[in-house]
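In TrEMBL this protein carries:
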REGION    292-318  region 'Disordered'
TRANSMEM  20-42  transmembrane segment
TRANSMEM  54-81  transmembrane segment
TRANSMEM  101-120  transmembrane segment
TRANSMEM  127-149  transmembrane segment
TRANSMEM  155-178  transmembrane segment
TRANSMEM  198-224  transmembrane segment
Amino acid sequence: MDQILLLDLSADIIALKASTIVQFMLYGVYAVLFGICTYILLNKKRECYQYHISAITFLFLLTSANVALSTASDILYWRYVLSKQGRARIPIIDDTANECAILSSAVADGILLWRCYVVWGKQWKIIALPFVAFLGGHVFGLAIAYDYLISPLKLTLLAIFIGVNSLLLTILLASRIFKISHEVMKYLGPKARNMYSLLLAATLECGLLYTLLLSIFLSLAASLMQQGGILFINLNTADARIKGIAICIRALAPVAGINSTLIIVRVALGISLNDFESTVTSMRAGTAIDQLDHPMSPDSSSSEYRGSLGNDVDLRSI
């Protein structure tokens with residue numbers, strides 16, 4: 001019996017270390033990106049930059065609170081394990097940390113909704129279904145944030161609401177962006193050779209990293225649902241899938257922050273893939289960098305190249 005408890009404790013410690021390392025690494029990356037994004041927004045001062053600053057600042061504060069509360073919870077747990085003093089868990093700390101993670105996800109999804117609305121020409125009907133799923137999923141998430149014992153059914157419903165909504169937004173964004181990109185490729189012809197940059201830009205704009213994390217969360221929750229029915233499970237259970245879910249929850253807020261900040265940075269720099277014109281601008285920026293890397297390119301300094309570059313600047317006449 002003691003050996004089983006020791007093994008369970010070892011599994012808890014390994015999972016705690018893994019989730020803490022992942023969370024702090026992602027938060028470190030996010031903190032740097034937040035600083036860069038704030039600097040760019042304050043210097044560029046593009047349209048609606050005040051709203052962008054407010055959104056990313058609120059998101060950063062939520063993520064910082066999530067990390068701080070998770071760290072406080074870890075300290076209490078380690079103190080209890082090592083010295084058997086105090087309590088292994090203070091519900092209000094963990095509950096508030098979970099709320100911050102859900103709210104961070106809500107802000108990130110809100111930014112994806114906004115991008116989808118802009119990219120699709122500000123058509124409300126396009127984002128009607130994602131908006132309903134957005135509200136339902138995050139309200140439900142906040143409602144179960146206080147549950148220490150969460151049923152696989154609730155966990156799966158939460159993952160479906162948030163994960164499927166994020167996936168839907170990603171598909172809508174990706175389909176629109178690649179449609180615009182295809183039109184740009186036809187227009188630019190052989191000059192549109194910076195495809196890797198375009199794919200990377202589309203990936204950043206679609207929030208693929210965030211959606212991938214939510215997909216993992218959904219698959220783990222669905223697996224528990226399939227096996228466990230609606231029986232309650234403890235988030236400290238030694239099941240590897242529970243540990244995976246715990247890591248996903250720890251990573252949720254920083255990844256949401258990274259994803260949203262990258263989108264805002266591209267908007268602030270004026271290289272976001274909103275429409276035909278902005279996509280050409282983005283690809284031209286990549287081509288210019290490519291020309292700097294290869295200054296001996298035969299046509300980079302020719303009058304024909306300069307003429308084509310000048311023609312592409314005034315795209316509103318097309």
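Every residue gets a Cβ built from N, Cα and C, even glycine.
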*Among the ranges 20-42, 54-81, 101-120, 198-224, the one whose Cβ pairs under 8 Å to the transmembrane segment (155-178) are most numerous*: 198-224
*For the transmembrane segment (101-120), what are the same-chain contacts with Cβ under 8 Å, counting residues 6+ beyond its ends?*
55, 58-59, 62-63, 66, 126-127, 130-131, 134, 138, 141-142, 145, 162, 165-166, 169-170, 172-173, 176-177, 180, 205, 207, 210, 249, 252-253, 256-257, 259-260, 263-264, 272-275
*What else in the chain is close to the transmembrane segment (54-81), if you only count residues 6 or more beyond its ends and a Cβ gap under 8 Å?*
9, 13, 16, 20, 23-24, 27, 30-31, 34, 37-38, 41, 87-90, 93-94, 96-97, 100-101, 103-104, 107-108, 110-111, 250, 253-254, 256-257, 260-261, 264
